[in-house]
Structure formats: structure tokens, C-alpha cells
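Visitor: Let me give you the structure first, and then I'll get to my questions.
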Amino acid sequence: NKTEVTEFVLLGLSQTREVQCFLFFLFLLFYVIVLPVNILIILTVRGDPQLDSPMYFFLANLAFLDICYCSITPPKMLADLFSQQKTISYRSCIAQLFFLHFLGGAEIILLIAMAFDRYVAICKPLHYTTLMRKMLCWVLVGTAWAGGFTHSIIQVAFVVHLPFCGPDELDNFFCDVTQVIKLACTNTYILEFIMFVNSGLVIVICFILLLISYGVLLIHLKTGVSRGKSKAASTCTTHIIIVFVMFGPAIYIYCRPFCSLPLDKVVAVFHTMVFPLLNPMIYTLRNREILSAMKRL
């Protein structure tokens, strides 16, 4: 007879007590410093009339998404670093998996919306204010949330029907589909292929399309010598950096067979905690208008 698994054991980042204490204070320091900066970005965009444009509207939503995304796994991880028994219930594990893909998928679509905004601003400047109205911006943000929800609910719908009867150890500090599927007491080959298409293949396609779109925009701006075109090129470069920061770890995690590799935990830390909080900061540090507005605030 097989017993149904009701909770999973998280092996975490390290089993050494000294390393756990070091990681706790390192991540807590990072979280305490960087998280308020993202909140400040949102308050600055919301409170400064000079930043009332679609580009900054999308940036504020990006910061909000990243704050939510970084509130899924780090609190549990920090608590587990001082816990003797690092466990997570089955329902909490599924919830963690759902919100990771929900917010991650929404952020990918939001980056596509930001690329569309830059396309209209650079290639259709005379029609920009007419096309990029406030209502369209809200529709694009709503589409991002709806798309992320659809992507995530597909993942969860397949996972919740899997039988789990042991083992119950996840060699990581959070629940994700790549680890949970491997613990199922059934053949998951077809399911892994479906997950690869739903996550890995979609991520690669979006990544390539974003690079092509920004490449076209940079080529369009290459012959420009005015200050406005120089500023637009700088903005596109910043967006490209964010695209690499966002998609790099995701491609590593989801665009390969669901097997363990030595760098998995390191990439997972950057993917779920470090990079998301840095995304809005990368944009902000290269934008004089936001820096000036922060000083005024």
C-alpha cells in the first residue's frame, strides 16, 4: 500500500548552520534595502505629474509585479534558514507554484507591452498620444495579468492530478513544477513535454521576438543624431538588459529536461529573488527623469 504525501521536505540551499546564518543575513539585508526602492519607484511614478506617460505607467506596474513575485518564496526561505524541519504542506506548495507562474507569466507579457510602447513611440511618434491612450495601457496591463493567470492555471491543473506517494524531498528552497513533477508516482514523460511547451517553448519564443523587436528599433535609431533619438536608444538598451535578466534564468530552468544540475539552486535564487527586485532599479538608474522625480519626492 502507498501513503499519500501531505507535505514536502525542502532541503534548502545548505545544510551547514554557519552557511545558513550567513545566507539569512545576506538575503535579509538585500531584501530590506532593495524592496523599499521598488516601492519608492511606484510612489514616484504615481505622485509626479511629469511622469504621466505610458512608459512610466508600465514601469510602475513592473515594479509592483516584481515586489509581488519576490514575496512568494523569500519569506518562507528566510524562515526555513532558522528552522530545524523545513517542510511545506501540499496545498502551500501548489499555491507557491501557482503564484510563481502567475506573476512570472504576467511579467513576460508586460515586457511585451513595454516593447510595443517603445515601437509606437519611436516608429509612430506623431500618432503616439492617440494610440497609447490610458485605456489601452490598462487593457495591456489587464491582458498581462489574464495571460499570466491562464498560463499558471494550466500548470496547476496538470500537477494537482498527479499522485504523490513518496519520496517527499524537494532539493530546493521552494516548490516549482520542475521539482514537483519528479516526485510523482507515475510516468510523467508526456506531462513534462506539455510543461516544456507551456513554459520553455513560450519563453524562448517571447525572448526571440523581444530581441528582434528591440533590434529593429535600434537599427531604426542608428542614423539618428538628435538628443531625442539618443534617449530612445538608451531606453531600448535598458529594456534589452531587463529582457536578458528576466529571460536568462527562466530559459535555463524551463528549456531543458527536468533533471537536477549543480547550478540549479544558484540560478533559482537569482530568478526568484535577486533579479526581479533589480529589474526596476536597472531601468531607474539609467533614467534621469525618474531620478529627478525621486529627489523631488
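Including glycine, each Cβ sits where the backbone N, Cα and C put it.
Predicted automatically and left uncurated, TrEMBL annotations should be read as such.
According to TrEMBL:
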TRANSMEM  22-43  transmembrane segment
DOMAIN    37-283  domain 'G-protein coupled receptors family 1 profile'
TRANSMEM  55-74  transmembrane segment
TRANSMEM  94-116  transmembrane segment
TRANSMEM  136-160  transmembrane segment
TRANSMEM  193-220  transmembrane segment
TRANSMEM  232-254  transmembrane segment
TRANSMEM  266-285  transmembrane segment
Visitor: For the transmembrane segment (266-285), give me same-chain residues lying six or more residues beyond its boundaries with a C-beta closer than 8 angstroms to one of its C-beta atoms, as numbers and ranges.
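Guide: Tertiary neighbours of the transmembrane segment (266-285) are 13, 27, 30-31, 34-35, 37-38, 41, 59, 62-63, 66-67, 69-70, 72-74, 77, 100, 107, 172-174, 176, 238-239, 241-242, 245-246, 249-250, 252-253, 291, 294.
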Visitor: How does the model score the domain 'G-protein coupled receptors family 1 profile' (37-283) in terms of mean pLDDT?
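Guide: That stretch averages a pLDDT of 87.
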